[in-house]
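Enquirer: I have a structure here, written as structure tokens, and I will follow up with some questions on it.
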Ligand SMILES: NC(=O)C1=CN([C@@H]2O[C@H](COP(=O)(O)OP(=O)(O)OC[C@H]3O[C@@H](n4cnc5c(N)ncnc54)[C@H](O)[C@@H]3O)[C@@H](O)[C@H]2O)C=CC1
Ligand SMILES: CC(C)CC(=O)C(=O)O
Ligand SMILES: [Mg+2]
């Protein structure tokens with residue numbers, strides 16, 4: 001038995017965030033019990049929940065705990081209640097703030113078409129069969145973090161969002177993309193808008209230069225509008241995609257459709273400090289508090305946490321296997337259900353995964 005002790009910070013956030021993080025917590029407890037390590041949980045407020053409790057979306061206590069943790073599991077932030085707040089006071093500012101503060105510049109979003117769910121995608125089964133791609137999204141730069149301003153002009157308003165990148169910021173994410181492609185034995189597609197954006201033209205230059213260090217990795221460039229189309233036209237052409245922050249945000253929601261639901265997608269955000277793990281989806285206010293949330297994206301994020309932060313890849317493998325079995329046996333949350341399917345609530349499918357977890 002190992003005697004490791006992990007300090008994990010849970011940030012449930014808003015909407016369905018607390019529901020899916022509860023599923024993640026139960027999974028961590030089950031894995032810890034099976035592998036014989038101890039976990040010390042600390043739960044903190046972020047997003048709208050933090051605005052209500054502390055008047056700000058990212059309280060100092062939350063950030064301090066996250067910085068000192070071995071890893072952080074986050075649900076989602078945001079909701080209609082806070083939509084009228086100014087940009088830096090919104091729940092989403094808390095999420096952007098913690099990503100920046102933890103320096104998690106690399107957001108890995110694996111997209112896998114689970115065989116039992118091939119019928120759950122609106123795309124034809126033969127199109128999505130075999131899909132197993134990875135979106136590597138730059139997470140701490142680009143349009144979401146550039147200077148923003150509003151100024152009066154001609155009786156109206158002039159608004160500016162700047163898309164800023166440095167060579168170093170591009171190079172580290174591109175290298176990570178090449179490394180991931182090499183490891184997976186797959187091709188790398190760098191996605192940009194180099195026909196219009198100066199930042200994309202530099203992105204391309206950096207990719208070309210870095211590629212010389214990876215002669216064994218096949219790579220190509222693709223414009224983001226074409227990529228959006230290719231992802232649904234023939235998704236199996238993609239191995240690893242590396243791209244700018246906003247492009248990656250949009251393309252990953254689109255790619256979720258290949259799996260059957262946005263509720264299936266996990267993510268790992270990595271930098272030099274603690275990793276941040278979150279499902280790809282948002283706070284889903286339309287279904288919050290009703291036991292309808294699909295917790296599998298969060299549970300798969302726990303798998304990524306074990307793989308990348310806690311050095312236990314076998315836990316990730318066991319979680320993926322358990323999710324596979326649950327789906328094979330026909331468990332479906334409402335977002336995955338087709339006509340005639342029995343619908344499982346969040347707790348039921350969580351329990352089903354826990355029961356099928358096999359870790360020696
Ligand atoms: N990482 C985060 O915290 C994110 C937060 N948001 C915030 O979430 C709020 C809602 O944003 P939306 O654009 O509606 O995106 P969303 O991802 O929350 O929901 C989009 C649709 O997918 C469904 N959905 C999402 N996750 C699901 C799950 N686990 N199980 C079943 N169905 C699920 C929702 O019910 C909704 O119909 C906004 O305030 C937004 O800013 C949005 C994206 C990411
Ligand atoms: C809510 C945004 C800040 C982020 C987002 O949509 C995402 O990271 O997927
Ligand atoms: Mg998003």
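Each residue, glycine too, has its Cβ placed from N, Cα and C.
TrEMBL: automatically predicted annotations, no manual curation.
I grabbed these lines from TrEMBL:
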type    : residues          : note
DOMAIN  : 7-353             : domain 'Isopropylmalate dehydrogenase-like'
BINDING : 79-92, 282-294    : NAD(+) binding site
BINDING : 99, 109, 137, 225 : substrate binding site
SITE    : 144               : site 'Important for catalysis'
SITE    : 193               : site 'Important for catalysis'
BINDING : 225, 249, 253     : Mg(2+) binding site
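Help me picture these features in the structure, burial and contacts included.
Expert: In sequence order, 14, 15, 16, 19, 79 are the residues of the chain that are 6 or more apart from residue 288 (NAD(+) binding site) and have a CB within less than 8 Å of its CB.
The secondary structure of residue 225 (substrate binding site), as reduced to three states from DSSP, is helical. Of all the Cβ atoms in the protein chains shown, 13 others lie within 10 Å of the Cβ of residue 225 (substrate binding site).
Residue environment of residue 144 (site 'Important for catalysis') contains 20 other Cβ atoms, counted within 10 Å of its Cβ in all protein chains.
DSSP gives residue 193 (site 'Important for catalysis') a coil state; it is part of no helix or strand. Within the same chain, residues at least 6 positions away in sequence whose Cβ sits under 8 Å from that of residue 193 (site 'Important for catalysis') are 200, 223, 224, 225, 247.
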Enquirer: Using a 10 Å radius around each Cβ and all protein chains in view, which of these binding-site residues has the most neighbours: 99, 109?
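Expert: In terms of Cβ crowding, the pick is 109.
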Enquirer: Could you tell me which of the recorded positions 79, 99, 109, 144, 284 have their C-beta within a distance under 6 angstroms of some atom of ligand 1?
Expert: 79, 284
Enquirer: Which binding-site residues, if any, among 79, 87, 99, 225, 249, 253 have a Cβ under 6 Å from ligand 2, given in order along the chain?
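Expert: Only 249 qualify.
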Enquirer: Just to be sure I understand the contacts, which binding-site residues have a Cβ under 6 angstroms from any atom of ligand 3? Candidates are 91, 249, 292.
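Expert: Checking each Cβ against ligand 3, the ones under 6 Å are 249.
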